[in-house]
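Features as listed in TrEMBL:
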| type | residues | note |
| --- | --- | --- |
| COMPBIAS | 19-29 | compositional bias 'Acidic residues' |
| DOMAIN | 131-303 | domain 'Amino acid permease/ SLC12A' |
| DOMAIN | 421-702 | domain 'Amino acid permease/ SLC12A' |
| DOMAIN | 716-832 | domain 'SLC12A transporter C-terminal' |
| DOMAIN | 838-1076 | domain 'SLC12A transporter C-terminal' |
| REGION | 1-33 | region 'Disordered' |
| REGION | 102-121 | region 'Disordered' |
| TRANSMEM | 125-148 | transmembrane segment |
| TRANSMEM | 160-183 | transmembrane segment |
| TRANSMEM | 204-225 | transmembrane segment |
| TRANSMEM | 258-277 | transmembrane segment |
| TRANSMEM | 284-303 | transmembrane segment |
| TRANSMEM | 423-443 | transmembrane segment |
| TRANSMEM | 463-489 | transmembrane segment |
| TRANSMEM | 501-527 | transmembrane segment |
| TRANSMEM | 563-581 | transmembrane segment |
| TRANSMEM | 587-608 | transmembrane segment |
| TRANSMEM | 620-645 | transmembrane segment |
Amino acid sequence: MPTNFTVVPVKDVRKSREEEEEEDEDVDDNNVFREEDEAAHFPGDGMPKESSPFINNTDHDKGNLYDGKNMALFEEEMDSNPMVSSLLNKLANYTNLTQGVKEHEEADDEEGSARSKKPVKSPALGTLIGVYLPCLQNILGVILFLRLTWIVGTAGIMESLAIVVMTCSCTMLTAISMSAIATNGVVPAGGSYYMISRSLGPEFGGAVGLCFYLGTTFAGSMYILGTIEILLTYIVPSAAIFKAEKKENEPEALLNNMRVYGTCCLTLMSLVVFVGVKYVNKLALVFLACVILSILAIYAGVIKTAFEPPDFPICLLGNRTLQNHNFDQCLKTMEVDNVTVTTKLWSLFCDSPDLNATCNEYFTLNNVTVIQGIPGLTSGVIRDNIWGDYGPKGMLVENKHQVSEPAADTSQDIYMPYVANDITTFFTLLVGIYFPSVTGIMAGSNRSGDLRDAQKSIPIGTIMAIATTTFIYISSVILFGACIEGVVLRDKFGDSVKGNLVIGILAWPSPWVIVIGSFFSCCGAGLQSLTGAPRLLQAIARDGIVPFLQVFGHGKANGEPTWALLLTGGICEIGILIASLDAVAPILSMFFLMCYLFVNLACALQTLLCTPNWRPRFKFYHWALSFLGASLCVSLMFISSWYYALVAMLIAGCIYKYIEYRGAEKEWGDGIRGLSLNAARYALIRLEEAPPHTKNWRPQMLVLLNLESDHTVKHPRLLSFCTQLKAGKGLTIVGSVLQGTYMTKEDEVKKAEQNVKSSMTTERTKGFCHVVASSNLRDGFSHLIQTAGLGGMKHNTVLMAWPGTWKQSNDPVSWKNFIETVRETTAANQALLVAKNVDSFPTNTDRLGEGTIDVWWIVHDGGLLMLLPFLLRQHKVWRKCKMRIFTVANMDDNSIQMKKDLQMFLYHLRLDAEVEVVEMHDSDISAFTYEKTLVMEQRSQMLKQMQLSRTEREREDHWSKLELSIVFLVRIQCQYWKSQGRRSGLRCVQPALFTVTIVWYRNQSNVRRMHTAVKLNEVVVNRSQGAHLVLLNMPGPPKNRGGDENYMEFLEVLLEGLNRVLLVRGGGREVITIYS
């Protein structure tokens, strides 16, 4: 039913600080030290600023916060934490601004830029005027006057009571839930939308708010169609533009007339709303008076029928009801001057007025009978109306108690003036048509800003209005069935009573009381719908949660929603073009039921979560009642029309997902977030901290990012690769470290987090961001590796970029931090992925063509090398790539058998990949390898010398010369020795003098490692230089930290000549299995 929504721009008037600045300039010398102390404080000192509990908050309105020296201990915190006396003073002076449309009109009347300030009046509406009567006016409407008698006649008294009880129970339970929400704090403009969005979050709020908007808009269409139906059917039928020459064309002509007149009426009402809603407000009391007078006239007519029933004869042919339009007397023939002549009724069924004319067979076989349309309360007709009489479209309305002779040929019945069903009737259809007559319960909550005590008036007024209308509907169902003949009740348009409104012939003193009253009631309801719907859309648009609706948040200078009114008129025209009141009513029923469903869910959710802020003043609610109301809403949706229900849910679901992915993120303290927190806590408690089973293992990523000097992400492609590897599944934590303390780096940390989150959004990386400040980068990354995650939701894989500029940098900190990170992950039993040339990796928008992902399986590390390509190929970027697995065989290995075994292993793993076995021949160490090793050691020695002090450098040079003299001046015999494959060196013996043993632990090992790196690099480059991605086992760092730089050189040589490389180091456990 119609609802009023108002949105007014409220300016945030803030106090000027000029006086405070002047006072600061006049400080004496005694305050210098105190000012210096204040200026030296860190951002973390004191308490953070909290949000004000007031809606129209003025944060800078400080005034005199304390007097004298009584509170000097707390004076430094007064800016963020005002004194209790100041807080209570604000509370006492707080008034919720009136949010009615009156302010819009006052602002519209003011001209010029300098507008006079008018004092804001305190809200003064009580329960009766502010809630009860508006709800009564919104609930009672077009269905009561135009369709309730037809519903009673078609469904019978018992099933009609069932419809009324179901629908009114639904609205009563919803009103209880709404009362709890509405009394849990102040409800500003937006009404039900505000309540739902702040209770269930922006996604649900936006979806249900738009559904409620569509319901309100289609309600405007329904009222306009009701207005035109009353006008063309009961007031001025001659005004119809399209007139049917044949009876079978009458329904189509009526629909065309409804479309033309409805469009004109919609245009006129929209102009009235555009020019000024103050005219609608002034006529509101007139419309309410029409509704009340019409209902009183109905009850007066019912009472009158008990002792003096009105005379409304109904003409029956056999047991069939006739349309009483084109004849005056219910007779076939009549005596005029002793001559039998035929009547107008005869002409309707016969081909000529002669007595020997050929007539319709059924007309010939049956006589005409006259019965009273309204027998009265004491007639006992209630027994005939207890049960319903459903039927298909075109079924004739018949009185089962009348004698009838059936005709053999019924093909001509549709052309005869019988009263027939214009639509197929069944119980669920009637539920959908009737439900709009119980909507409108939100009228009180929408006026919360105008109420003297909203938390008291809304529950009492709404529940009393629902109780009153429920009594009216139940009594009307019983009284209609007890007073009116069944064939008249089933006559939707009053054709059997000379085109009168059926409920009108029951009213006293005249049918015109109901006709005129219902006409103005429908007009008023349509205007209120066109007034309220644009304001609801404006409230949603100004919240900014639906990006494409932001244009509808603008309007005239006074805040009137001009663009929203245009959209509302366009959607309303869709309902007008449908042209059938019975077809439009179920549509808006779906949208209102969706809104009521989520009001109940919001109340139940808040009650079960026991959130600290859930303290409604209305105490007569329970989560079970809310769930019952929600269940009843869902049931009524599918009872009314299952396909409309699915469409409404689909629309709400699409809006929800759109807001979730494209809408602005809002933190409203909603229940869905509380539910998520409770569900997350419950899941984390149940989730064991032990490692998952191999079948459930997937890489839970910790992405370690490096930041530029301006705190932007240095390698955003690392996030892209993480997104492609994860495909939105599992845990992703993105971390980075800023050097320094948090007290001094607080703003930079927050800025860095915002930049990282922005990059995550751009690269579509779903996960969590954490930037920490640490005294040095190594400790920061170590802390992230140790502490990231919570409970069982911890990372098991670390992803980082290869430090590509480590050679160019004279500072060894970067590559040392890298190696220490490798050691940290190994110690923590976590897998490590290192991406080299990460900036050349594909973005999420790239689509790689035919190519390969090459896996070089040198050592077994738990199967991570084989799992990663499979995960990558799930993403559309890598989908077309094929997987190749290379393994290395020594000379004494059976390479053919190795290939067969590996193919069988991959078959059991359900992985599709090509297998190649590469044989590494034993060869002498080449001169190139010695050269590489020498260059590496010389560079290492040079860097080492640069880091030594002068004294240490001289001492190092002295021992170097002594060592050379031992080597070159003493005649020695040298013999190569090797002990258990671990140590090697030269044992040099001088028989006559002494024995000198020089053990080259490092040098000989470096040569052998460089030899392996060079040979393996040649093989990999030869086979995989054109691959889209190369995955390679990452050798571990040396246990002796003195060889860290050489370790970097080995890796550099190993990866030389390859474009995209991912070094993989397992976490020490199996991550892939052949078992189910």
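Positions of Cβ are set from backbone N, Cα and C atoms, glycine also.
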The recorded stretch from 204-225, 258-277, 463-489, 501-527, 620-645 sharing the largest number of CB pairs under 8 A with the transmembrane segment (284-303) is 501-527
DSSP residue counts for the domain 'SLC12A transporter C-terminal' (716-832), split into helix, strand and coil: 57 helix, 24 strand, 36 coil
Which one of these stretches, 160-183, 204-225, 258-277, 423-443, 620-645, has the most C-beta pairs shorter than 8 Å to the transmembrane segment (125-148)? 423-443
Maximum Cβ pairs under 8 Å to the transmembrane segment (501-527) - stretch from the list 160-183, 204-225, 423-443, 563-581, 620-645: 204-225
Average pLDDT across the domain 'Amino acid permease/ SLC12A' (421-702), rounded to a whole number: 86
The transmembrane segment (204-225) versus listed stretches 160-183, 423-443, 463-489, 563-581: most Cβ pairs under 8 Å: 563-581
Would you say the transmembrane segment (160-183) and the transmembrane segment (463-489) are touching, if the rule is that at least three C-beta pairs must lie under 8 angstroms and be 6 or more residues apart? yes
